[in-house]
Amino acid sequence: MLPQDFQADLAEIENINIATASIPLTQTSKPLPDLLALERDELKNVVLSFGQPAFRANQIWDWLYRKFAAEYSELGNLPRPLLEKLQGNYRLAPLEVIAEKVAHDGQTRKALFRLWDGAEIETVLMLYSDRATVCVSTQAGCAMACSFCATGLMGLNRNLTAGEILQQILHYERFLINTEDQKLTLGHKRVSNLVFMGMGEPLANYLNLWKAIRRLHDPDGINLSARKMTVSTVGLPQMIKRFGQEELPVNLALSLHAPNDTLRSQMMPISRRYPIAELIEACRDYIANTNRRLSFEYTLVEEVNDTVACARELGKLIKGMLCHVNLIPMNPVPGSSQRGSDINRVKVFQAELTRYGIPNSVRVEMGRDIQAACGQLKVAQDGKHSRLSQ
Ligand code: SAH
């Protein structure tokens, strides 16, 4: 049972809808329940209810989360009656790929998936020499309407289920395991890191997010270390505090993007509801509870939030906190006249932050040529079908 006050917080967050999706979902009949929705003990009970011994649940778990079976035909050594029962009651199917793009350097791949009800989401794989990182979506669309974000243009369709979140990682686990050509995988056989920085606001889908994280962490399954996962949030103070009380040490990144409420409200409407002071207080609470370094993300938009005055104000705001600032020159968004800061402005901004003693780095951009920033591939595809203009 969730504590009452957290239930109230969740209800408040779920009510935030600055931008509702204008594109309706194509309602098809609801499919069977997703096999990936089942927790391990639930799966065991299902297996027992089918008159099969409990160890069969362990075998299935192994197929799903260690061997990455995508559909029933890939589940070996199970008795046929059990398979038939499962198949008749639970759906097991990979996400449907609508489009997949590969950056010209081959190190970034991005997939656009269609879900059972027509909702569309994006997932990105970024390959580096020392890690293979998947950028995961937690909602179809987003309710937060940040001015510089392509997903923000779409509005919110719906929360993803834990199964839909997991499927994105499983998609790229399968790709890495099944692809022999090292030029395509840089030799990676497994996904090593996750960033919840795809479509949507992860903390507005808090319970499904954590259900997925616990499954991803499960040592008998995908077995990803919590420290290799980062959740990025627009900044929902109650949820940030709650995040700091979770058992698993998952990293938190806060999309700050502006050092004062006036500017931040122009870029991020959510700031009108939760002022920066409240946000920073929640961050301090998170740091005190976890003793973990918090990341601040700061997307640099030319002449908007990249001035020396902004850098100084930011320096004063977060000086002395256990934190790191990621500076990200804005990726261009179709239809927007705003531009990312050029490298000289980035360097001046960075130097100012360093003067305040604030650890920082400029995030290397990957996949610009495949619209890898949040929501961009979907917007590009929609443009092709001219759905946004309907
Ligand atoms: N809703 C969450 C996670 C999704 S966005 C959040 O707000 O953090 C992930 C990150 O990408 C955020 O820091 C977001 O501000 C940033 N982002 C969105 N659009 C961008 C763009 N066009 N250029 C650079 N960064 C962008």
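Residue 1 is the first one shown; counting continues down the chain.
Cβ atoms here come from the backbone N, Cα and C positions, even for glycine.
Bear in mind that TrEMBL entries carry predicted annotations, made automatically and left uncurated.
What you see is a predicted model, and the numbers here were worked out from it, not measured in a lab.
Among the features that TrEMBL reports, active site, proton acceptor is placed at GLU122. Among the features that TrEMBL reports, domain 'Radical SAM core' is placed at 128-369. According to TrEMBL, the [4Fe-4S] cluster binding site annotation covers CYS142, CYS146, CYS149. Sequence annotations record features per position, and here TrEMBL assigns S-adenosyl-L-methionine binding site to GLY200, GLU201, SER232, SER255, LEU256, HIS257, ASN331. Per TrEMBL, the feature active site, S-methylcysteine intermediate maps to CYS374.
Annotated features, which come from TrEMBL, shown on the structure.
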residue: CYS146; record: [4Fe-4S] cluster binding site; contacts (Cβ under 8 Å, 6+ apart): GLY152, VAL234, SER255, HIS257, MET267, MET268, PRO269, ILE270
residue: GLY200; record: S-adenosyl-L-methionine binding site; contacts (Cβ under 8 Å, 6+ apart): SER137, THR138, GLN139, ALA140, GLY141, CYS142, THR151, LEU156, ASN159, LEU160
residue: GLU201; record: S-adenosyl-L-methionine binding site; contacts (Cβ under 8 Å, 6+ apart): THR138, GLN139, CYS142, ALA143, MET144, THR233, VAL234, LEU236
residue: SER232; record: S-adenosyl-L-methionine binding site; contacts (Cβ under 8 Å, 6+ apart): VAL195, PHE196, MET197, PRO202, LEU252, ALA253, LEU254, SER255, GLU297
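With respect to ligand 1, the recorded positions GLU122, SER232, LEU256 contribute SER232 as residues with a C-beta closer than 6 angstroms to one of its atoms, given in sequence order. Of the residues the record lists as binding S-adenosyl-L-methionine, namely GLY200, GLU201, SER232, SER255, LEU256, HIS257, ASN331, the two whose Cα atoms sit farthest apart are 19 Å from each other. Sparsest Cβ environment among the recorded positions GLU122, HIS257 (other Cβ atoms counted within 10 Å): HIS257.
Nearest neighbour of GLU122 (active site, proton acceptor) by Cα distance, taken over the binding-site residues CYS149, LEU256, ASN331: CYS149.
Neighbour density around each Cβ, counted as other Cβ atoms within 10 Å, peaks among the binding-site residues SER255, ASN331 at SER255. Between the alpha carbons (Cα) of ASN331 (S-adenosyl-L-methionine binding site) and CYS149 ([4Fe-4S] cluster binding site) lies a span of roughly 9 Å. Taken together, the residues in the domain 'Radical SAM core' (128-369) have a mean pLDDT of 95 on the 0 to 100 scale. Packing around CYS149 ([4Fe-4S] cluster binding site) is summarised by its Cβ count: 25 other Cβ atoms lie within 10 angstroms of its Cβ, all protein chains included.
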